């Protein structure tokens with residue numbers, strides 16, 4: 001029988017080695033299973049391509065905040081301004097130079113105010129964005145911009161927007177400033193209603209009225225212009241809800257988990273029927289706006305017909321279960337439908353402008 005000293009000196013090291021070996025295998029097995037079950041969380045990586053990659057590192061979070069690398073929102077904000085400017089131009093007998101100058105001012109305003117709207121949205125959503133895959137790396141959500149810095153940045157953008165607004169006739173101030181109420185309230189709507197897209201529509205469509213006072217037309221004293229502006233605005237609200245419903249399908253799973261409400265969640269089972277109804281409302285109101293403004297056949301063929309065609313194709317083809325497809329149609333639908341409406345309005349304006357020039361020449365000769 002071995003003594004204790006012999007046992008301690010010969011057996012213990014061997015058993016300890018065996019235990020260590022077993023422990024190492026357990027750690028290896030456990031760590032391997034953990035790696036399989038819990039993949040590493042994705043981390044933010046600074047942009048290495050595109051416009052953002054050329055900016056100083058300290059500027060990048062602010063450029064991301066205004067979505068400078070994703071300009072489609074600016075286009076959607078700009079198109080209603082173009083619609084109203086082109087629709088109002090024949091009524092105001094505006095020259096092409098005036099129309100172009102007014103449109104350029106609207107373009108700069110759309111760029112600035114879209115950025116301000118995004119910043120306000122991200123400030124409100126700073127506690128929600130981390131729970132949504134697509135938004136978790138936004139600057140405020142990831143901590144690259146503090147809420148206070150975001151507020152200061154918002155103030156700077158609003159001042160810049162005011163600088164553009166004062167370049168228009170004074171009446172535009174009274175029409176433009178109230179839109180800030182909708183800009184600030186949209187993020188809150190996502191918390192209380194399944195129809196925040198309607199609030200977004202009221203916000204993004206504001207430019208559909210602004211073209212009239214921008215060209216010197218007093219909406220309160222001109223019933224035809226007021227009717228045209230109201231119908232055009234309502235038409236654009238329907239368009240905004242339509243395209244943003246497609247956009248919302250990108251986040252439908254994450255929104256449900258995070259408690260964010262959207263029309264896509266509410267009407268997921270009948271989305272395409274809702275989209276079709278919205279398109280019909282949009283085209284009908286657009287036609288009524290043109291009728292009130294005295295538009296000619298080029299408008300009905302180009303704007304109404306073109307919008308109906310492009311919307312019909314989009315609604316039929318978009319795959320609402322594919323994030324990539326929803327994003328593609330959201331981006332390209334902007335140019336397809338917005339472009340068709342703009343071309344029809346522009347053609348109508350040019351035709352009526354030329355006709356007006358001929359009438360003026362005949363009156364001079366007579």
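Residue numbering: from 1, along the chain as shown.
From the backbone N, Cα and C atoms, a Cβ is placed for every residue, glycine too.
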Listed range which TrEMBL flags as transmembrane segment, given the options 34-54, 223-243: 223-243
Beyond the flanks of the transmembrane segment (223-243) by 6 or more, those residues with Cβ under 8 Å of it: 76, 80, 83-84, 87-88, 91, 195, 197-198, 200-202, 204-206, 208-209, 212, 217, 263, 275, 278-279, 281-286, 288-290, 292-294, 311, 330, 333-334, 337
Dominant neighbour of the transmembrane segment (140-160) in 99-120, 166-186, 274-292, 298-315, 327-347, by Cβ pairs under 8 Å: 99-120
Close approaches to the transmembrane segment (75-93) from elsewhere in its chain (Cβ under 8 angstroms; 6 or more beyond its ends): 99, 102-103, 106-107, 109-110, 113-114, 204-212, 214-217, 222, 224-225, 228-229, 232-233, 236, 240, 243, 289-290, 293-295, 334-335, 338, 341-342, 345-346, 348-349, 352-353, 356
